[in-house]
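Have a look at the structure below before the remarks.
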Amino acid sequence: MEQQNKRGLKRKALLGGVLGLGGLAMAGCEVAPPGGVLGDFLRMGWPDGITPEAVAMGNFWSWVWVAAWIIGIIMWGLFLTAIFAWGAKRAEKRGEGEFPKQLQYNVPLELVLTIVPIIIVMVLFFFTVQTQDKVTALDKNPEVTVDVTAYQWNWKFGYSEIDGSLAPGGQDYQGSDPERQAAAEASKKDPSGDNPIHGNSKSDVSYLEFNRIETLGTTDEIPVMVLPVNTPIEFNLASADVAHSFWVPEFLFKRDAYAHPEANKSQRVFQIEEITEEGAFVGRCAEMCGTYHAMMNFELRVVDRDSFAEYISFRDSNPDATNAQALEHIGQAPYATSTSPFVSDRTATRDGENTQSNA
């Protein structure tokens with residue numbers, strides 16, 4: 001009888017390990033998680049992703065919760081079984097001793113209970129790295145490269161490279177502004193300044209990118225970054241002052257923006273395979289950066305490829321035109337629709353009205 005009980009315990013432990021590993025194996029699958037109410041529950045508040053990278057992260061997140069619930073149910077089941085089946089009162093009713101049967105020195109069981117958790121962690125780590133590599137890979141062959149500059153407390157977006165299929169004249173577009181870029185490079189050194197570090201200038205902006213087509217956010221206007229749907233895109237990030245973080249919730253991903261990113265050995269670039277939905281999506285700074293950090297928003301406006309090509313052509317041909325005029329030209333709302341500017345004037349917010357319309 002004792003030998004049978006031992007075999008039963010081994011089988012239960014093995015079953016628990018198999019179920020746990022099975023759940024974790026699902027975590028690395030590209031299979032979409034359940035939909036409906038169950039799917040919403042498993043997402044635990046995560047928004048629906050609009051890039052393949054976001055979908056991969058969302059799938060991984062949901063299936064990890066499936067694995068966690070499977071393992072949790074098994075462990076709580078064993079825990080409650082031990083409480084109610086082997087409790088002192090139950091043992092007393094059965095006429096057994098005060099202490100339940102002891103299982104120490106059961107080497108096979110101890111090995112199972114040691115090895116299975118290690119394998120679970122290893123499997124989870126494997127699929128974590130697999131998903132992370134997909135998200136951070138720089139192999140997307142981008143057709144649009146956007147320079148993103150964060151500063152207290154707004155954003156500047158510029159187009160540095162655009163594939164010929166989306167650019168004016170059908171030729172690859174190089175958007176760097178040579179004159180301003182040269183001026184930025186010249187700001188690097190200031191031998192006559194009071195900075196003691198090898199004559200480096202305090203106002204060095206040589207690491208920032210300056211483009212002919214740019215969208216600059218202001219206190220009164222949320223910057224709208226226009227991008228094409230179904231197109232690989234690269235983002236090149238930097239900060240003009242303190243640490244910021246570029247975050248679009250539907251990307252399920254954020255990347256910090258630092259001053260002098262190369263000198264700080266931080267990765268300033270990330271790529272997405274495509275954006276799968278058109279529409280307006282709010283973007284935010286996800287790094288505490290000072291007084292108005294919470295109001296440092298922008299909007300991602302995703303349009304079809306033809307509209308994006310027309311948008312770029314209009315801005316290239318009309319350098320003095322505003323971003324709002326270019327958006328109107330392609331039939332889009334001229335100002336942000338997903339978020340509003342914050343009125344920073346204290347005297348204007350006494351009644352609690354702290355947003356204003358661009359209209």
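Backbone N, Cα and C define each Cβ position, glycine as well.
Since the structure is predicted, the reported quantities are computational estimates derived from the model, not experimental observations.
Cross-referencing His244, His329 with the Cu cation A1 binding residues that Swiss-Prot gives (Cys285, Cys289, Met296) picks out His244. Most other Cβ atoms within 10 A: among the binding-site residues His244, His293, that distinction falls to His244. Excluding Cys285, Glu287, Cys289, His293, which define the Cu cation A2 site, the same chain contributes Ala150, Trp153, Val242, Ala243, His244, Ser245, Ala286, Met288, Gly290, Met296 within 8 Å (Cβ to the Cβ centroid), listed in sequence order. The Cu cation A1 site is set by His244, Cys285, Cys289, Met296; from the centre of their CB atoms, other residues of the chain with a CB within 8 Å are Ala150, Gln152, Trp153, Val242, Ser245, Arg284, Ala286, Glu287, Met288, Gly290, His293.
Counted over every protein chain shown, other Cβ atoms within 10 Å are most numerous around Cys285 among the binding-site residues Cys285, Glu287, Cys289, Met296.
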